[in-house]
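Feature annotations, reproduced from TrEMBL:
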- 189: active site, involved in ionization of N3 of dUMP, leading to its activation (ACT_SITE)
- 62, 86, 87, 88, 94, 178, 179, 180, 184: FAD binding site (BINDING)
- 83, 84, 85, 86, 94, 95, 96, 97, 98, 162, 189: dUMP binding site (BINDING)
């Protein structure tokens with residue numbers, strides 16, 4: 001992982017909903033949606049995309065909740081992932097700083113550098129402070145181990161040492177959401193006013209979604225500079 005660019009977040013689609021008969025997420029939405037109209041007899045090999053597009057244009061987004069996508073995010077700071085977990089309708093599994101040993105995060109380049117730090121010529125200063133914190137974290141781990149061994153405390157080493165960790169440290173996370181919630185997330189987190197890191201990784205995620213599920217997500221227009229996106233009017 002390079003820290004020089006300041007933006008390292010990556011999104012990997014792990015899976016998405018499929019029907020028991022092998023129907024993809026778009027076909028699954030059609031099967032559910034046509035129940036409302038008792039029009040299952042109109043299902044053909046190529047009817048799903050048209051049906052889902054109709055739902056989207058009419059604003060009937062409750063129907064697209066029947067399909068979901070799971071995504072793994074890596075290279076994102078704790079500051080970024082804590083913006084994601086604020087969203088409600090999702091399943092979340094995140095790297096635990098309580099159970100994971102984060103020592104060596106500096107030497108492993110397991111942290112994020114804000115572009116402003118680089119632009120201001122403060123990269124060396126910033127990295128030196130992170131190096132210090134990494135050292136303090138490891139020192140606290142050792143002191144806690146000694147105290148536990150001596151019977152002075154029943155505390156947990158990583159659980160308590162993590163209080164020294166900065167928001168810059170990376171934190172891997174997997175989230176699963178239905179299509180409607182993903183649309184809400186993209187609307188909020190790719191907006192030009194969103195924080196730079198979450199915007200960067202969510203624009204990348206949106207591109208992948210548009211490639212796989214265009215009929216659900218192609219009404220988002222990505223800016224020419226690739227740094228933001230906006231929902232267009234139908």
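Here, residue 1 is simply the first one shown, and the rest follow in order.
Glycine is treated like the rest: Cβ placed from N, Cα and C.
A map of TrEMBL features onto the structure.
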| residue | record | contacts (Cβ under 8 Å, 6+ apart) |
| --- | --- | --- |
| 62 | FAD binding site | 180 |
| 83 | dUMP binding site | 189, 195, 198 |
| 85 | dUMP binding site | 92, 94, 173 |
| 87 | FAD binding site | 177, 181, 184, 185, 188 |
| 96 | dUMP binding site | none |
| 98 | dUMP binding site | 156, 158, 159, 162 |
| 179 | FAD binding site | 25, 29, 64, 65, 67, 68, 69, 213, 216 |
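Its own atom aside, the Cβ of residue 189 (active site, involved in ionization of N3 of dUMP, leading to its activation) has 23 Cβ atoms within 10 angstroms in the protein chains shown.
Spanning the residues 62, 86, 87, 88, 94, 178, 179, 180, 184 that the record associates with binding FAD, the maximal Cα-Cα distance equals 27 Å. In this structure the residues listed as binding dUMP are 83, 84, 85, 86, 94, 95, 96, 97, 98, 162, 189; their two most distant Cα atoms lie 27 Å apart. In the three-state DSSP scheme, residue 87 (FAD binding site) falls into the coil class. In the three-state DSSP classification, residue 184 (FAD binding site) falls within a helix.
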